[in-house]
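K.L.:
I have a structure I would like to understand better, so I am pasting it below and will then ask my questions one at a time.
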Amino acid sequence: MKSKKPRSLLGIEGMESKEINALLKLAARMEPTRRRNTLRGKTVVLLFYENSTRTRSSFELAAKVLGATTILITATASSIEKGESLIDTGYTVRALGADAIVMRHPSSGAHWLLAEHLDIPIINAGDGMHEHPSQGLLDALTILQAKKKFKGLKIAIVGDIYHSRVARSNVHLLPKLGAKVVLCGPPDLCPDEMAKIASGIEVSHNLDHALSGADVVMSLRVQKERLVGRQIGVEDYIANYQITPEKLALAKKDAVLMHPGPIIRGMELTSEVADGHASKILAQVHNGVKVRMAILQTLLAKN
């Protein structure tokens, strides 16, 4: 990171375990129902080039709970639709008084470009197929709450790994904290090359193997909107990779089930699993606000 530049959250890959643990510790103390004035007078701009429900709303709530003002800018309701460049949009937002920008963008690396040109924190809310750092952090917090540790855990991530920025952030994050990660899916959606993203990653195309003895099972949806040049047989996918109660039983008895959303019931998992006793899906949503409060406070309270 260049000198004189404010701290930003651009990805998990470049973070050290010390930084990750500090954010998780702070997030665990955050209470979304208790409003405070930590960021009073600050303005957080939510710049979303792609649709979002959980991420956008939880960042907005997190900022408001901390006392900040939020402004939402979407691609379809701004000059972006007229062809304005990312950098010019960033300059405009900064001139309006933004103290931080939370951005989701379809292009990998867009946040790094914006951070090079602006003197305010940039927070990555998802960039293409690259990373989704706040999701990785909230997943880690959810696992920590359920398991009290990371070291020695087997975490199976099942589904469309190739197109998933969530998977990439988790692959960078979880091994740093001592967990073993197994990626599982059909070859087109989980190619062997995914094991090269980080050290200690295993790739398997056999669901039974991936789930056997797992402490955490993370299901991912098939991102049909990104399936360019790749084919998937829905019936074959369901038969071989859908998480059912029977498949989940291959994991440890106290295993937890996670999903970043949106869920496609009947595709990557069944309703019995999504709504079952092992499910931590709603806990993930709740922890999203806590983690994003911690991110905003860490980056803005000191800038």
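Glycine is treated like the rest: Cβ placed from N, Cα and C.
Source: prediction; values computed, not measured.
Here's the feature list from Swiss-Prot:
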- ARG54, THR55, ARG104, HIS132, GLN135, GLY261, PRO262: carbamoyl phosphate binding site (BINDING)
- LYS82, ARG165, ARG221: L-aspartate binding site (BINDING)
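In terms of burial and nearby residues, how do these features look in this structure?
P.N.:
In sequence order, THR53, ARG54, ILE281, GLN284, VAL285 make up the list of same-chain residues 6 or more apart from GLY261 (carbamoyl phosphate binding site) whose Cβ falls under 8 Å from its Cβ.
When secondary structure is read from DSSP and collapsed to three states, ARG221 (L-aspartate binding site) falls in the coil class.
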K.L.:
Within 8 Å of the Cβ centre of ARG54, THR55, ARG104, HIS132, GLN135, GLY261, PRO262, which other residues of the chain have their Cβ, at the recorded carbamoyl phosphate site?
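P.N.:
Residues close to the carbamoyl phosphate site, other than ARG54, THR55, ARG104, HIS132, GLN135, GLY261, PRO262: SER52, THR53, ALA125, GLY126, VAL166, PRO260.
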K.L.:
Using C-alpha atoms only, work out the spacing between GLN135 (carbamoyl phosphate binding site) and ARG165 (L-aspartate binding site) and round it to an integer in Å.
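P.N.:
If we compare the Cα positions of GLN135 (carbamoyl phosphate binding site) and ARG165 (L-aspartate binding site), the gap is 9 Å.
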K.L.:
Under a three-state reduction of DSSP output, how is GLN135 (carbamoyl phosphate binding site) classified: helix, strand, or coil?
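P.N.:
Where GLN135 (carbamoyl phosphate binding site) sits, the three-state DSSP reduction gives helix.
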K.L.:
Between ARG165 (L-aspartate binding site) and THR55 (carbamoyl phosphate binding site), what C-alpha distance do you get in Å?
P.N.:
13
